């Protein structure tokens, strides 16, 4: 259901990539190796655990047909070009947020070791406003849920964009450590995530930013990632980890500027899994949709210790993966 909404023509966010991911996962029979749940749609009161009640209420009420009546509110809540009002917007938010909340609750109740919600990971949304294609910050809601059972939660973000909404939400607490690897500089969105931003008050030294330049490759990225994350886990000793796997850090992404292969991106997921700490995995950005689907299918395989054959099995979306119909993209990250 979540893949059937439409942000509008010319908008880079294509939830349809989730349908493609889902069918790839099914075509490789990965669903037989895990439990699949239909999440509940998050209730407005659940969304208001982080977001302001007036903002949640407005998202609930606004429709494409009525938005012309609410010019001042649209401006106040930052709805418009990047974050358009579209049909079933609120239900879309309820579904992806409900998925992350249910994932966190399953981890809390120890009914799974790893929970995946590829529809989640919308890390830019703020308490009172939408930002960067994100309306409700499911990650913050999921982390708040995990904090009911865990003293410390580690948040790791490998999206090409800075995980600003999550960092901001927990900037003043030591109970969540946020670690974001992202492109920084050249007016790249959202413009935050300087290496000097480290948290404040009780949260000082509990926000880590790794600002990167264009074109970083597998070798440099994975070396940085493993060195930093190994030290963070060893020192911080989190009870749970949330890993945002935005796929716009892949080479040839429509909005990204990094040079990672799917294998390099997946290596980060493999590394975090090795710690055997309760793990919540989400999607995030990713705007070249056939590569997003490939990446998240491979990473589902990694989380299931399953190597996937390179030839993509027949499925409803097979034509999107031509001309080679393979999982690995030859020379994806060759400049």
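These residue numbers are counts, starting from 1, taken along the chain as shown.
Heads up, the Cβ atoms here are built off N, Cα and C, so glycines get one too.
Note that TrEMBL annotation is computational and uncurated.
The annotation domain 'Histone deacetylase' is assigned in TrEMBL to 11-301.
What TrEMBL records for 82, 132, 287 is substrate binding site. The Cβ of residue 82 (substrate binding site) has 17 neighbouring Cβ atoms from other residues within 10 Å, across all protein chains displayed.
For residue 124 (active site, proton acceptor), the same-chain residues that are 6 or more apart in sequence and have a Cβ closer than 8 Å to its Cβ are 131, 132, 133, 134, 137, 161, 164, 165, 190. If you look up TrEMBL, you'll see 124 marked as active site, proton acceptor.
With a cut-off of 8 Å between CB atoms and residues at least 6 apart in sequence, the same chain places 159, 160, 161, 254, 255, 256, 284, 285, 286, 287 near residue 248 (divalent metal cation binding site), listed in sequence order. Annotation comment: TrEMBL describes 159, 161, 248 as divalent metal cation binding site.
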Cβ within 8 Å of the divalent metal cation site centroid (159, 161, 248 excluded): which residues? 160, 182, 246, 249, 255, 256, 284, 285, 286
Protein Cβ atoms within 10 Å of residue 161 (divalent metal cation binding site), excluding its own: 27
Looking only at the domain 'Histone deacetylase' (11-301), what is the model's average confidence as pLDDT? 98
Starting from the substrate site formed by 82, 132, 287, give every other residue of that chain whose CB sits within 8 Å of the mean position of their CB atoms, in sequence order. 12, 13, 124, 133, 134, 189, 255, 285
When you measure from the Cβ of residue 159 (divalent metal cation binding site), how many other Cβ atoms are you left with inside 10 Å? 26
